[in-house]
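A short write-up of the structure that comes next.
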Amino acid sequence: MTQPITQPMTTGQSAPVRTVGPDHVARRLPGPLTALRWEVRKLRAQYRARAVLLVAVLAPVAIVVVIHGQSRPPKDTLFGRFAIDNGFALSLLVLGFASQWVLPLLTAIVAGDVFASEDQHGTWKTVLTRSTSRSRLFWAKTITAGAFATLVLVLLAVSTIASSWMIVGHQPLIGLSGQTIPAGTALQLVAASWAMMLPPMLAFTCLAILLSVWSRNPAVGIAAPVVLAMVMQLVGALGGVEAIRPFLVTTSFEAWHGLLTEPRFSGPLIEGLLVSGGWCVASLATAFVLLRRRDITGG
Amino acid sequence: MNDILAVDAQGVTKTYGSLRAVDDISVRVAAGEVYGVLGPNGAGKTTFLRMLFGLIRPDAGTIRVFGKTWEDSGVRVLDGVAGFIESPRFYPYLTGRQNLEGLALLDGGTPTGLLEEVLDVVEMSERADQKVGGYSYGMRQRLGVAASLLREPRLLVLDEPANGLDPAGIRDMRALVKRLAGRGLTVLLSSHDMEEVEEICDNVTIMTRGTVAFHGTIAQLRTMAPDPGHVLATTDDVRALKLAENRFAITVARDPGAALIVTGPPTEVSSYVGSLVSADIGLLALTPTRTPLEALFFMLTDDPTHQSLDRPAQLQDTLR
Ligand SMILES: Nc1ncnc2c1ncn2[C@@H]1O[C@H](COP(=O)(O)OP(=O)(O)OP(=O)(O)O)[C@@H](O)[C@H]1O
Ligand SMILES: [Mg+2]
């Protein structure tokens, strides 16, 4: 069935290579997960992705150490007043800061690059002339970016909570309504607050994917979501925009406030889930259509 | 099954804005042949091959590959098809081997040992564990060939594979294509080099500005080729021109570069040169201009406004 087809390119010693005769028809088909495996493998080989993970682990520790060493607390930020000597408050202070632009940036570093880097390296034509369809590649890249965002958030949360617990302590937390929250409950609420960052973070992931597919430029894919996050925050802070405020992704970044009041309220959480979901679906649908339709002319 | 054409493109058109990059061309490649798409820069060769690979969508026309189309088979139309468009591209931060392993994943895997074998064929085994970012152009080209062979193709599509290679690289590439073809692989290759196509192809389509200027076998093309031309330098060009006046089988004209250009059947040219020597005119140089096929290629693909002047009438008839 297999036959030697040729020798090395230059004349000389022969090294038989198997190739098929003209009657060969059967072809292995890639499974649904092979494209995903390939994307993950590429990501792991990238210095940039590893650097983001490293930052997600180390930066919180550094921030916790620095703030803990301050003599005066950053009073005008949420939970700032207690941050110097309460580990839970410090975790929430870091959370509030991260949600401004750090989370959109960390996810965009991969999501904003995962499509556009194929343009940058001219490799669309390389991968699209194999046996994997554009849709499969699209989903493989999207899932990779989403999984990476989730991993970054988990690392960031665990590192922040663990380091503030160990360095600052785990005294009962004073909630937003002035109530005292016992340490056990506080830990759960802080962890839940971090988990509530996931939907808006994934929304920014999808936005970065869209911008990356549309611009075909990694720099735009990475920077634009961060700029968008800042603009949304600015718009959200303006007066007279009550009608659109709930539809901004950044509003969902504040949904955790409801967990730390007495009584708790979950309205913003559900709203946030819906809004983030909406942004995800709209961004991905547009990106999918753009990628399916586009002519691959570069490279 | 051998009746199925490897490539059957009908009336394929692609426009970019107002530019018709490929204008209603039809190409049929039978299984087992080596087919050349020849044309000058901008003729539309790459655009045509991109459509074949589904990288861009034709505005009109259909392309069947082994009987399948993109419309009915999706990416499965590429089963048994491999090759590259323009210069092959890889991930610079991965090694050559990692790149091939990844592409093999996208193919659904390869038989064990094949990866090493294709690396061997292109003589890249030793450099395979270095990052592609550090490869030279020729090495990337070789890796591109390896990546194509990894698919165990029935049809190999190569877009100007010798582009950018040094003379030894060009020789190796042509030898490889010939060997692959010798084993029954169908090869569709584009080129702007008549000599290359003449050397390795059975059939050829000559394209110019998106349209087909010639379709047929290399043998047919040879019969259409004009007489070979020679640059002639003598000690007395004026007398040499005069001596040519009553030789109707050849034409001698003054070149803008001040030398004489002699065209005509070889025996007539040689007899004319003999007469120069007998007439005591010193012969300084007699060198061939282009090969006849090259000359034909330029005639076929030159701008039509310049073409009518020097194109023989009978050739123009053949082209209709
Ligand atoms: N993406 C594009 N946008 C606009 N015009 C394009 C695009 N791609 C190709 N063209 C035009 O289409 C025509 C055909 O280009 P193509 O690359 O197919 O030529 P080619 O025969 O491969 O030339 P070469 O020998 O230089 O590779 C050219 O005039 C080119 O400028
Ligand atoms: Mg080209």
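One is the number of the first residue shown, and numbering goes on along the chain from there.
Each residue, glycine too, has its Cβ placed from N, Cα and C.
Automated prediction, rather than curation, is the source of TrEMBL annotations.
The annotation transmembrane segment is assigned in TrEMBL to A:51-68, A:88-116, A:137-167, A:187-214, A:226-249, A:269-291.
Long-range contacts of the transmembrane segment (A:51-68) within the same chain: residues 74, 83-84, 90, 93-94, 106, 109-110, 151-152, 155-156, 159-160, 163-164, 167-168, each at least 6 residues beyond the stretch ends and with a Cβ under 8 Å from a Cβ of the stretch. Tertiary proximity for the transmembrane segment (A:137-167) is limited to same-chain residues at least six positions away from its ends with a CB under 8 Å from its CB atoms, namely 35-36, 38-40, 43, 49, 52-53, 56-61, 63-65, 68, 87-88, 90-91, 94-95, 98, 103, 106-107, 110-111, 114-115, 127-128, 187, 190-191, 194-195, 197-198, 201-202, 204-206, 208-209, 284, 287-288, 291-292. If you look at the transmembrane segment (A:88-116), the same-chain residues 6 or more away from its ends with a CB under 8 A from one of its CBs are 39, 43, 48-49, 52, 55-56, 60, 63-64, 67-68, 74, 77-82, 141, 144-146, 148-149, 152-153, 156-157, 160-161, 164-165, 168, 170-171, 173-174, 181, 183, 186-187, 189-190, 193-194, 197, 200-202, 204-206, 208-209, 211-213, 215-218, 220-226, 228-230, 233, 250, 253-254, 256, 260, 287, 291.
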